[in-house]
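The annotation region 'Disordered' is assigned in TrEMBL to 1-46. For 11-43, the entry in TrEMBL reads compositional bias 'Basic and acidic residues'. If you look up TrEMBL, you'll see 346-365, 372-397, 454-478, 499-524, 640-665, 795-816, 828-850 marked as transmembrane segment.
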Amino acid sequence: MEGYLSSGPQKADKDAENQKNKQEHPRTRIETDAIHVGQEPERWPGQAVVPPISMATTFKQLEPGKPVLYEYSRCGNPTRQCLEECLASVEKARYALTFASGLGATTTLMFMLKSGDHILSIDDVYGGTGRLFRRCMAQMGVESSFIDMSTDASTVVKHLKPTTRLVWIETPTNPLLKLADIEQIATAVHKHDPKIMVLVDNTFATAYFQNPLKLGADLVLHSLTKYMNGHSDVVMGCLMMNNEEYYKQLSFLQYAIGAVPSPFDCYLVNRGIKTLAVRMKQHMANGLRVATYLEQHKHVERVIYPPLESHPQHDLYKKQMSGFSGMISIYLKGDEVEKNLIESRYVLLLSLLFAMIILLIYMFLLRYLAQWIIWLSLILCIVVFALAASFCFVARIRMEKYSTNNNALFDLDEMNITLNMNNFDINNTDAKISAVEKFDTAMNLLDEFVPMSVIWLVIGIICCIVCAILMICTCCLCERIRLAAALIEEASKAICYALTILIWPIITFILNIGFVILGILVLAHYSTLGRPIYQISCTQDFGQSCRKESLRSYVLSNETRQINIHSIPKSCLDYHEGDSCNLDEFTQLNCTIDRIQCVYVSYGFVDETFQHYLNSIWSHRFAQFLSEHSWLVNIFNIFMIYWLIAFTIALEQMILACTFVSYYWQLNQLNQKCCHNYIHKCLCFQGVLLTFRYHLGTIAFGSSIIAIIDTLRTLIDLIKDRMEAMNIDNYGKCCLKLIKGSLNCIRCCFQFFSRYTYIMTAVSGKWFCSSAFTATKLLLENCLRVFILDRVCAILLYIGRITITIGSCVFTAYMLDNIGLNITLHFSWFPVLIIGISVYISSAIFLNVYATATSTLFFCVLYDLEVRNDSQQISNRLREIIDKSNDFRKKKFEIIDEQSTNDRTQSRF
């Protein structure tokens, strides 16, 4: 179908004159052509100005085989012909062919190639095009290579092969907006071999800003879905050309393949292209304004937009383009995060120092004002929840009032919206706009929160309940809270006497990270032993022959071939879904054409590699057993990782417990014998010595139980994943969830009791089981005291952790914003975030020592009261704690009365 501008020989001179006029005034005719070409009213019986939609699939023939104009809608359609003629005139082409999509046009063009041909494409090509070349055309034997064409035409010529039949240029590219010199590349390629087709994907530039055919290209591709249609309601593509031979071949392929658009879609594109010139002018104006703004933005590293002078190919843009669309690519300053950390390193160090000072002040206050801090914290919590409940109820009342009076005027003062009219200048347009925007924002937020009135009510009720619970607990558990305060004060003194003990949490943290990394490396090493296992996968609907369950079972290896049943498959039809396969044998059969693949599954011990590896470590029989049951090795590795982590944590708990037990029982003796002014070193040394000399077996036993539970949890997760992959019913999944939940409860309970077991081991010097029995007995006898003490300490320490973190973040933000350090930060929040995370983790590590000290001293008190006999006297530490709390006075008096009775009995004898 010949284009409008070359419809007859009489128009040759006129066409040349038109082309000359368009060169002088390049934008005086495209608007007119887009409206009139191919849409002459004289073509229709009714003289319609807008071409009608012809939905007919077949057309009347005067006699068989001799249609008047159109035969079948796939071969030709009046509406499609109008669009193709219009597109040809807009692109300054002789011919145009439309297709159902841009990739449909590309696929049709690929049928002009044959197996063995080569495509040379620009590297930054549209993703769909690259996927078609790499994954689809490769299966048809068409080779493709991708190079950077934005440098020089000689680079393109160097990569041309004797089999190259198509050079694919996309300029500007998607998404990096690279430009390629169309005229230079086309001239060089045609000089090298005139038979090579040069195609330009002109989607981003459109025919309004760039005409590749005038620059020497053979073919032009458009995805009409984008700018050419401009309304996002059609998927369509087109190919345009001046070469009549290419047009005839592609016309036949369009008819033979049938990737043609519908008449209605052609009508929509024909309608949309009429506004192409207006839209593209505005696109460029908007794009240039946005690109200029982004170029000055502090978070943007680089803006890629050809009209900008900063674009590396701006000169080429001015040479072959008259403008550009609204496509903009930017590079964010992601690497500025590292620069921000380096530039603000002194502020970060100062903030960390400030956090340490706050932590020391907090520890000092806990030593002398723990009781006041606890009571103040409880009162503040009650006040905060009471105020939150009041705010929620007031907000709900306002929301209800607003929802019932939608048409009424609102009181801005009641809605807490303030407009300062004194500083409001009527003549200041910016001020008026700003005030109106603020008011509109407030109204929009109000509209959004109106449906949430029920949520405000629920939150208010919850705050009231929490406030009531706190008040009741504070009144009923007053003595227990006083006891917690006394113990926390004593724990603060103990930590001050043994400051070097604070090093152990840091050591534990570092060791745990190292064990996790070691475990990952070990699992990766064992997982890659042996050789990769491949299996057959029917990727598409190959048929029932491939989908049937395999009747054979064979294993292929690169070194040895062991056939258990049947023989090696001699054709692709011999494979079934799930069969083991050898990649080399499968490649030789070329079964990918038959839509089945030999895919990688996992590493497995299909040969003697793993057995030889184990023979160097274990005995032959054991090595053979493990090679046959390789999953046991992975389970053992997982168990060892969990055991090492649990052992490190238990070791820290035991060292802390032994240190604080030594403080409670032997502080006076240690001070007199060996410590003098270095008592903190002596206490810490004795805790480490007792742990490594007497209690390693206890720690190993407790860690083993924790590791077994964690291993079982991991195995259950693996089984659950496998069941989901096998589409097992929900009953089995529910059972696994119940088992995992039970294991989680058991682990939490055992972890809680093991902590007190280690403390009792440090107190009594007994083994794990005996200490666990004694600790459980004491916990059951004093369950309320233990629970209140544990929760009060946890809340107090958590409040301290949050306070220190917030204070450090505020200090860092103040330093970065208000002090003139000449630091330019693109992400000012990131240093604050780093400080917040670091301080939170550090304070959690150090304040965890307080929790252990409090629990240890509390168990020392319980044990001191439990094992007292006639010959013992009340220890100094017990007397100090009892004097500060009324909770143990009754038991103290019972002990004293019992001692007095024993003294009288002994005096009688």
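Here the Cβ of each residue, glycine as well, is placed from N, Cα and C on the backbone.
Just so it is clear, the model here is predicted, and its values are computed rather than measured.
The stretches the transmembrane segment (346-365) and the transmembrane segment (454-478) do not meet in space: the count of Cβ pairs below 8 angstroms, excluding pairs fewer than 6 apart in sequence, stays at fewer than three.
Scored by C-beta pairs under 8 angstroms, the transmembrane segment (499-524) has its highest count with 640-665, from the stretches 372-397, 454-478, 640-665, 795-816, 828-850. Two recorded stretches are said to be in contact when at least 3 C-beta pairs lie under 8 angstroms, sequence spacing 6 or more; the transmembrane segment (454-478) and the transmembrane segment (795-816) fall short of this definition. Counting residues 6+ beyond its ends, the transmembrane segment (372-397) has Cβ neighbours under 8 Å at 365-366, 449, 453, 456-457, 459-461, 463-464, 466-467, 470-471, 474, 481, 484-485, 488, 792, 795-796, 799 in the same chain.
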